[in-house]
Amino acid sequence: MAEPGHNPHPSARDGGKTERRTPRLLWLLLWAGTTFQVTLGTGPELHACKESEYHFEYTACDSTGSRWRVAVPHSPGLCTSLPDPVKGTECSFSCNAGEFLDMKDQSCKPCAEGRYSLGTGIRFDEWDELPHGFASLSANLEVDDSISESTENCTSSKWVPRGDYIASNTDECTATLMYAVNLKQSGTVNFEYYYPDSSIIFEFFVQNDQCQPSADDSRWMKTTEKGWVELNRGNNVLYWRTTAFSVWSKVSKPVLVRNIAITGVAYTSECFPCKPGTYAAKQGSPFCKLCPANYYSNKGETSCHPCDADKYSEKGSSTCKVRPACTDKDYFYTHTACDAQGETQLMYKWAIPKICGEDLEGAVKLPASGVKTRCPPCNPGFFKTDNSTCEPCPYGSYSNGSDCTHCPAGTEPAVGFEYKWWNTLPSNMETTVLSGINFEYKGLTGWEVAGDHIYTAVGASDNDFMILTLVVPGFRPPQSVVADTENKEVARITFVFETICSVNCELYFMVGMNSRTNTPVETWKGTKGKQSYTYTIEENATVSFTWAFQRTTLHETGRKYTNDVAKIYSINVTNVMGGVASYCRPCALEASDLGSSCTSCPAGHYINRDSGTCHLCPSNTILKAHQPYGAQACVPCGPGTKNNKIHSLCYNDCTFSRNTPSRIFNYNFSALAGTVSLAGVPSFTSKGLKYFHHFTLSLCGNQGKKMAVCTDNVTDLRIPDGEAGFSKSVTAYVCQVVIIPSEVMGYKAGVSSQPVSLADRLVGVSTDMTLEGIVSPVELFHPETSGIPDIVFFFRSNDVTQSCSSGRSTTIRLRCNPMKAAPGTLRLPSMCSDGTCDGCNFHFLWESVAACPLCSASDYHTFVSSCVAGIQKTTYMWREPKLCSGGISLPEQRVTICKTIDFWLKVGISAGTCTAILLTVLTCYFWKKNQKLEYKYSKLVMNATLKDCDLPAADSCAIMEGEDVEDDFIFTSKKSLFGKIKSFTSKRTPDGFDSVPLKTSSGGPDMDM
């Protein structure tokens, strides 16, 4: 023991005199130890440190790559006389897997039995609690101040250890799992994860000691798989971060992470004991093996121990459980394959693994097997062989499950798969069980055949997923479908099913393309009666259809609800490449040297069943692409629409006409033909997550091509525009997507999720409020006041869901508003801020000047001015308010030459004068004519007086009784103008006779009057 004031290490004070340069950190440690001894020198005497009271550590590496090994006490101040520092191994030194670095002699030694090591790495595979060094943090996203009082706290939203793995949060909070590690050399981090739900954002990234993130190539997790990321030398902080945003009632499924392994730590000073349920029988083991079923092990075991006869255990168990008595929930029934006599046997089997005891009190016995029944017929398209097996009919023939029959002339087989008899599992189907505890496949049978249906078998636990998969290599759609770029339907799958459940069971239907991860399409919860479901395949690729049934989501083992089952009665897939046929359909005939053969009709042509010839569909009709037989296959288009070039769809060419008794209103919506977007009002979840619905619309034109695109970028926020990648993209006339703003998530781009098609087919365009069952309530929007009725576009979606059994519908109401320049303004119903009041029927109001009718001559006034200085102007002005757009232009002002009032007055006087002269001339003319008649009459009177003379008979007219005798004598002698006027003014005598002087003709006798 050193005396007070004496320093046993003078070199600590005079380090500059030594010839060997000792690292500064080493001198600091030595000086601290000496000072510590001097300070306590007056206290009780300390004993020399034993090997169990200290451990060795390396100092930090210097610039030359060197380090020192120093002894560090477990509890400072309890002992003294620690070993002197010695030069350590190189900083890059490491041991192999299965070895550890013995710090006492600084050499690698193999791990003992029951232990393992990764050499230069560490592994985390036990998650009963959060391992040392890990941290789980949670945080709210952007929370609106107005709802802060009702916002739930996020402090409990963290990653939760669950034994074999750690699970993420499932709410709208952000949960982060962190681990910091210092690497002596470049290494990797490797982990397995289960990422089943796209409504969760899952990202993994690494930051260095300057808090700078590494390249984000692997930041966004795409699918369930094993992942690894390279790590740089130095400090690395690993982040696993999740954020759920299921804005609907659906509860997201958590992300699961397990088996995290990190390499590059340079050395491991000890081996890790095998966790319970595993063992390592040999020295130098890099990993521990799982105990088989009905065996168990404790921590650090070299072998597994068998369970007692009355106990059992699952694979990798640390304890054995008491076997319960067998019940009817522990066995299931199935059917054997048909024998040579065409019979099948009903067989009862214990569920695997068998955990119950038959000999226990109250245990049930396995029912007797072997009851024979007649085999059901083969599935359509198959025939029964001599040994009672079913084989597919060759191409060109069909069957209903019995014998194969060649298709008649003029027909071709309708290939597909139709399964409705379940005596054996079809060759293109397989079944398995996925553990609901550790999410590993167990290699068990998940579905069993039962004659007229297939049902879920008994699993190892009620939360296991009973999986059934059907793989289709590809499709062979009709040529008319291939030519139609807008009709994406290449095939359909229809299945009939039911579920019988006593708790919260779930049946999932999933679809995977080209071996990619299955995407959930539809989910049914609880008991569902026997019903049919149809899904449309829109991509010609290798497709896998998966049905997964889970009896309960509770995280516990046991069989309590084995009577909860899912049954599938039939599965029908159309247009399958290499499929079989249950019937033959008519085809178009093509003449050849070998006779007639089937061929495809051109797009838009239907097949005449009798002649096998192709005929073009009439105008304004479309062809049923998958049933092009007969004239009835041509379906009329709705009002206001027309067919495209190949008669595959009805569309509106951005024009519309409306007839009224007074005029015809024409419309042109070309200014509205592009895509437009509309965001709904912001909403908030219970955790305060801000989101809104975003709509994209394409109204008309483009030959009916769907222009609105909505994308799900949750699984990969880095995909370029136009590339599908792992994202789900929806193309329609109207689509909807849920958007979380970029300022909320902290990403460069906003997060879009759950794209939905709202309009796949244009039903018609009309001013009516109802069309083919689709209603556009006028009361949803403020009433129009212009007097011009709204034009309504009626759309329908092909998506059929449980809540929307008839599919979704969309109405877009176009309203004339001269104050809204094109393209105008889109509005949502005020009482339904998300565009729908029931989740199935969506409504939009589009106000624009482009929605007004085209201008015509009826839309302007004509004003004619007075004649000023010989000029008259004609002016045209629009009627107010102007409720038209486009069409004819307002005519320019017209200027014409005109005559003043003075001119017309002169014309009138001249015309009057001429008229007076004309009347005078006419008067004279008729007067003269009258004088001639007067003369003739006078002559007749003179002849009448010669009664008794021998004169010739008078040439006169008879005088009727009561008539006056008036004789006018016409004098042959000419008179002057004055004499004519005087004669004209003479008057008759009072007795009614005129005094006429008579002149006797020459040579005649004198007569007395």
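Even glycines carry a Cβ here, placed using N, Cα and C.
A disulfide bond in Swiss-Prot ties Cys654 to one cysteine from Cys601, Cys614, Cys617, Cys700, and that cysteine is Cys700. Within the list Asn400, Asn540, the entry that Swiss-Prot describes as N-linked glycosylation site is Asn400. When Swiss-Prot is consulted, the disulfide partner of Cys852, picked from Cys816, Cys832, Cys898, turns out to be Cys816.
Cys804 (disulfide bond) falls within neither a helix nor a strand when secondary structure is assigned with DSSP, and so counts as coil. In the three-state DSSP scheme, Cys274 (disulfide bond) falls into the coil class.
Here the disulfide-bonded residues are Cys304, Cys326, Cys840, Cys852, and the one with the most other Cβ atoms within 10 Å of its Cβ is Cys852. In the three-state DSSP classification, Asn387 (N-linked glycosylation site) falls within coil. Between the CA atoms of Cys291 (disulfide bond) and Cys304 (disulfide bond) there is a gap of 6 Å, rounded to the nearest whole number. In this structure the alpha carbons, written CA, of Cys710 (disulfide bond) and Cys840 (disulfide bond) are 18 Å apart.
Separation of the C-alpha atoms of Asn400 (N-linked glycosylation site) and Cys274 (disulfide bond): 59 Å, rounded to the nearest whole number.
Between the CA atoms of Cys840 (disulfide bond) and Cys735 (disulfide bond) there is a gap of 13 Å. Cys654 (disulfide bond) sits 77 Å from Cys304 (disulfide bond), taking the C-alpha atoms as the reference points.
Cys804 (disulfide bond) sits 48 Å from Asn387 (N-linked glycosylation site), counting Cα to Cα. A distance of 11 Å separates the Cα atom of Cys304 (disulfide bond) from that of Cys274 (disulfide bond).
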